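Annotation source TrEMBL lists transmembrane segment at 7-28, 63-83, 95-115, 121-143, 155-173, 185-204, 271-294, 306-325, 334-359, 365-388, 400-423, 429-448. What TrEMBL lists as domain 'Major facilitator superfamily (MFS) profile' is 15-454.
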Amino acid sequence: MASEESHLTAMLLTSILAVVLGSLQIGYHTGNVNAPGKIIEEFFNHTWRARHNQSMPDHSLTLLWSLSVSIKDLGALLGTLGVKYLADSYGRRNSILIVNCLSVVGACLMSASKASKSFEVLILGRLVFGLFCGLVMSLNPLYIQEVSPTNLRGAFATLNQVSFASGILVGMVASLETVLGTEHYWAMMLSLSLIPALAQYLVLPFCPESPRYLLINRGEESNAEAALLRLRGSTDKVFAELKEMKEEAAHAESGVTTREFFKKRSYKQPIIIVLVVNLGSQLSGFNAIINYSTRMFQAKFDQAKYLTLGVGAVNVTFTLVAFFLMERAGRKRLLLTGFISIAVCNLLMTIVDSVLHLVPELRSLQVLLVFCLISAYELGPGPISWFIAAELFDQPGRPIAMAFTSMLNWGGKFVLALLFPPLLKVCGVYIYLLFMTVALLAFIFTWIRLPETKGRTFDDIAEEFRGAEGIPLHNKAGFNTFT
């Protein structure tokens, strides 16, 4: 096992901060479409009227706006298909630099839609940006996990979610009518993600490639040693980690195809764990609240947009809390705390919503429950669901596992965005009971099956799943995975 001392260096921190500029861009374009929706819908209508001398029918306008919002998630789903090829062919760092051009192209298209008087350009821009989302939210945790020392790995992986949540808040602020969410400036607002995109091009090329990729995938020991020395700054630490990497390489196969990934016996348990943790995170109500928070609050409060900003602020605050707790409490404990808290919040939201017409004063309690649910999600399920796969799989399976994670996350977001409005009409306030059930099932499975990965090397974790049965019980370092 690698040394437990802190390995934080300026180069390591710079590398990770440069990488998470990608998730900042994704968060920005997640948070900036909520508030100015009506203004952009009017642009659609005006463009249609200029072409056809009549207004667009209301149902067509609603459908077109829904397509504009959801096509980013569809693009992200498609983007996940390229993760393994890029990560294994060009390396982790270089792949992030390559896909960053999709963000630049997407932002340029979105901001050019107003000048070109074409809503099709806006939709195409969001589709291209969606491809970037699917790729970078897999590649980022992959790079971060592989360059980070064992004792800081989870905390640094959480920075990806901190950056994403910060982007959402910045997007919410930028899209306010008092800032850039106006008829004149909305196109410029959509172009602001170019700033972190260009900043990444200025910094990331000077950061090292993943030493694990160089040694295990490419067999370039001298280059891996040089990269590790830049990241750790100490020769002693480099030799200890190189030894651990070589041990992992000795157990690893040369390569795994997608078909072999899903058929391999030792991968079955990790695949099921990743499936349950990710779907449990995405289908437990958080995304519905983030997407529809302004509309939920508008029915009850005059300043709904500012309450939505509160949602964004709570989101950022608790990702930071998760960052500081990740290496102290561990992944499993934070996941269990998050899932059970989400279940309780959903139950209480059902009760409060059911009696709200009788006791209108409870609307403030409803807002508090929304904030509590968001904080519970970001405390564990939110950040951990994005990186847990990178810890459960060995080097050959890790890129496919991260693509699988991204597919589940973006697929869950897409399905929920599609099904939440009709389910809300059918189920009413009892829709929160569905979310509660999902959270409880995820809690039970996590409690029974998930091994704790805090403070353990990749090879140590993978060793648990190499047995004939592939069911984790106790590992060689003496960790009890069920407590």
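In case you wondered, yes, glycine gets a Cβ from its N, Cα and C as well.
Automated prediction, rather than curation, is the source of TrEMBL annotations.
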Applying the under-8 angstroms CB criterion, which one of 7-28, 155-173, 306-325, 334-359, 365-388 scores highest with the transmembrane segment (185-204)?
7-28
The transmembrane segment (155-173) and the transmembrane segment (365-388): do they have three or more Cβ pairs under 8 Å, with pairs 6 or more apart in sequence?
yes
Among the recorded stretches 7-28, 155-173, 306-325, which has the greatest number of Cβ pairs closer than 8 Å to the transmembrane segment (121-143)?
7-28
Leading contact stretch, 63-83, 155-173, 306-325, 400-423, 429-448 vs the transmembrane segment (7-28) - CB distance under 8 Å:
155-173
Where, among 155-173, 306-325, 400-423, 429-448, do we find the most CB pairs under 8 A to the transmembrane segment (63-83)?
400-423
Candidate ranges 155-173, 400-423, 429-448 - greatest C-beta contact count to the transmembrane segment (306-325) (under 8 angstroms):
155-173
